[in-house]
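In what follows, a single structure is set out as structure tokens and then discussed.
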Amino acid sequence: MYEIENVDTIWMRHAIALAAHAEIIGEISVGAVLIQNGKLISYGWNSSIICHDPSAHAEIVALRTGGKVLGNYRLLGTTLYVTLEPCMMCIGAIIHARVYRLVCGAKNSKTEQRSWLKNTLRHPMNNHHVFLTTGVLEKECAYQLNKFFKRQRKT
């Protein structure tokens, strides 16, 4: 188990660096990386403002690029690391893309509970179930996001 946790920490640090990049360019600081067989397939950061695209969340950007890299919208055997628990739009895309595993950092303060996320990912009506790991580098991920919002409130 230690090995898996260590790998999760390494990839989440990459996602945190992408979240920091998003903050620098004026986007909400969320980052995501898509991994398959221990290799980086794609990555993304929030780009909704710059791209004028409400769907350009970090997760969606990583999934879109991952599909292009793998030549398939089904991202079988992949793990998606994201610094903030995904919204409903992103959860739908993650399920549809058949991501094997989702690893989250900070809690989504709008939902308050992680049970909805687990229940949605594993709902019996879904044609694919995603394994979920939460709380990886949670404090670091939350700090990155909170830093962005504190700066926004000052401007």
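Using the three backbone atoms N, Cα and C, a Cβ is placed for every residue, glycine included.
Of the residues proposed, His57, His123, the one TrEMBL records at the same Zn(2+) site as Cys87, Cys90 is His57. Taking the mean position of the Cβ atoms of His57, Cys87, Cys90 as the Zn(2+) site, the remaining residues of that chain whose Cβ falls within 8 Å of it are Ala58, Glu59, Ile60, Pro86, Met88, Met89, Ile91, Ala93. Glu59 (active site, proton donor) and Cys87 (Zn(2+) binding site) have their C-alpha atoms 10 Å apart, to the nearest angstrom.
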